[in-house]
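The following features are taken from TrEMBL:
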ACT_SITE  125  active site, proton acceptor
BINDING   27-46, 107-110, 216-218, 242-244, 260  NAD(+) binding site
BINDING   71, 74  substrate binding site
BINDING   133, 136, 174, 179  Zn(2+) binding site
DOMAIN    2-270  domain 'Deacetylase sirtuin-type'
Ligand code: BJW
Ligand code: ZN
């Protein structure tokens with residue numbers, strides 16, 4: 001049900017001041033000002049492929065080489081990027097308000113919230129710098145650049161580059177003795193379930209928050225897309241920060257239009 005909407009920052013800040021339990025739910029838009037392309041819209045292509053078509057188990061099965069090139073490229077881009085004023089405003093807000101329970105739930109896999117200093121962080125869709133063995137399922141942190149020799153100078157985003165021919169044996173493999181399974185990015189692809197422990201933590205935070213800031217997400221990918229509308233429906237104050245409205249905007253009490261590198265520092269500092 002659509003609610004009467006406000007962009008009254010002073011009133012929002014008064015409510016935030018008295019809140020005890022705050023959730024910040026972020027999406028690709030928060031990292032846009034760090035130079036990381038969003039998923040939907042003009043930047044959401046790598047070569048001729050829509051990013052979301054490569055983020056699938058089917059794409060990895062068909063061509064692990066192509067999918068690893070795509071993720072190698074994204075690992076390199078994110079490693080060079082810096083957290084921006086939006087990430088930093090959130091981290092500073094958490095550091096300054098020990099009296100509140102503050103949880104950041106991000107759909108992003110770029111690691112920029114953690115690099116900005118956010119401590120209580122839930123990464124819903126995984127992380128570019130974690131791998132999972134397709135055989136023994138071991139998850140490991142991996143910041144190697146490149147992640148394997150064969151990916152050196154690969155991953156160019158230019159749409160003139162076609163195909164990908166790295167033999168599977170030269171892609172990243174598990175180092176556990178006796179396993180040697182093919183590694184994949186520890187990322188939740190379309191059609192895959194989110195990790196149950198992660199989903200549970202996020203659910204608890206969403207159910208107990210009295211205020212939720214929804215930052216830079218198109219609110220179209222489930223289950224994350226239903227978190228904030230559900231919180232709003234049970235009476236939590238929800239404020240959206242985005243450069244444009246989304247399908248969820250009518251559900252929320254506040255909408256703050258503009259780049260969140262500008263709007264978040266205003267909202268989160270006294
Ligand atoms: C700015 C800005 C600035 C720009 N300042 N703002 C129920 C109903 C219908 C479908 C489903 C359903 N349940 C499950 C599904 C299927 C599917 C789904 O949701 N599909 C939809 C597309 C319809 N979901 C799943 O498959 C999930 N799994 C699951 O639920 O398992 C059980 C199940 C499976 C199948 C059927 C039923 C049940 C898994 C989802 C995993 C998502 N993975 C990805 C890829 C991660 C890998 C990677 O990064 O490579 O996660 S998809 C991609 O979208 C990525 C993102 O985290 C996610 C969300 O995107 P986000 O962050 O919102 O980015 P954008 O680009 O969409 O939006 C950016 C926003 O920023 C825009 O609004 C801009 O305006 C804004 N912006 N600059 C402020 N400066
Ligand atoms: Zn293994």
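Using N, Cα and C of the backbone, Cβ positions are placed for all residues, glycine too.
Here the features listed in TrEMBL are painted onto the structure.
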residue	record	contacts (Cβ under 8 Å, 6+ apart)
27	NAD(+) binding site	38, 106, 107, 108, 215, 216, 217, 218, 219, 224
31	NAD(+) binding site	81, 84, 87, 108, 110, 112, 216
39	NAD(+) binding site	28, 51, 52, 218
71	substrate binding site	128, 185, 187
74	substrate binding site	46, 110, 128
125	active site, proton acceptor	107, 108, 109, 187, 188, 194
133	Zn(2+) binding site	174, 176, 179, 181, 182, 183
136	Zn(2+) binding site	174, 176, 179, 181
Neighbour tally for residue 179 (Zn(2+) binding site), based on other Cβ positions within 10 Å of its Cβ: 14
Protein Cβ atoms within 10 Å of residue 216 (NAD(+) binding site), excluding its own: 26
Per-region confidence, the domain 'Deacetylase sirtuin-type' (2-270) (mean pLDDT, whole number): 95
Cβ under 6 Å from ligand 2: qualifying binding-site residues of 35, 71, 74, 107, 216: none
Other same-chain residues whose Cβ falls within 8 Å of the Cβ centroid of 133, 136, 174, 179, the recorded Zn(2+) site, in sequence order: 134, 135, 137, 138, 176, 180, 181, 183
Residue 107 (NAD(+) binding site) CB neighbourhood, other CB atoms within 10 A: 23
CB within-chain contacts under 8 A for residue 35 (NAD(+) binding site), separation at least 6: 77, 81
Among 174, 243 [binding-site residues], residue with fewest other Cβ within 10 Å: 243
Local Cβ density at residue 43 (NAD(+) binding site) - other Cβ atoms counted within 10 Å: 14
Annotated binding-site residues 31, 39, 43, 71, 243, filtered by Cβ under 6 Å to ligand 1: 39, 243
